[in-house]
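Annotated domain 'ARMET N-terminal' per TrEMBL: 28-124, in sequence order. The domain 'ARMET C-terminal' feature in TrEMBL is assigned to 128-170. If you look up TrEMBL, you'll see 1-22 marked as signal peptide.
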Amino acid sequence: MDVWLPSALLVGVFCLLAVVDAKIKEGECDVCISMVERISATLTDEDRKSQGDVEKKIRKFCKTALNSKDNRFCYYIGGTADAATGTLGDVAKPLIYFTPADKVCEKLQKKDSQICELKYEKQIDLDSVDLKKLKVKDLKKILNDWGETCRACSEKTDFIDRINELRPKHAPKKEL
């Protein structure tokens, strides 16, 4: 009985350390890292002198975030007007000291795990993909990304025909 207690405590401590020392893996936190890098690129040395100036710049940057994932990230950190909570200081302060984006996101992940759950949607390369093998959902997404619709489409072939019809306008073939 006396041998098991220290062993159980040791295992518990190692498990706790593994959770606390959570590093960002490759492909994780793409939205966060991208946004922090883009925000950091807009900051001048003059902006980095005070946390308030950096927070203003982040809010200004978040007003221009059109992508739904970027906008959601801004909402999570408190950069949008409708944000319920704000961890803007947790982003602004490390940016003053030129902290790398992955380290900023690592700290944000510890406070709010939702930030690293955001992922960009994969873009479909029309030159290399066979449209007949795509799902109707993906075909609709292509049309939606182009701002087009297919009102009379009821079958997959109708969507493929519509995409091929609009392809020269939205995705012209690249010549070598």
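Just so it is clear, glycine is given a Cβ too, placed from its N, Cα and C backbone atoms.
Remember, it's a predicted structure, so these values are computed and weren't measured experimentally.
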Tally of DSSP helical, extended and coil residues in the domain 'ARMET C-terminal' (128-170): 29 helix, 0 strand, 14 coil
The domain 'ARMET N-terminal' (28-124), counted residue by residue under DSSP: helix, strand, coil: 64 helix, 0 strand, 33 coil
Model confidence over the domain 'ARMET N-terminal' (28-124) (mean pLDDT, whole number): 91
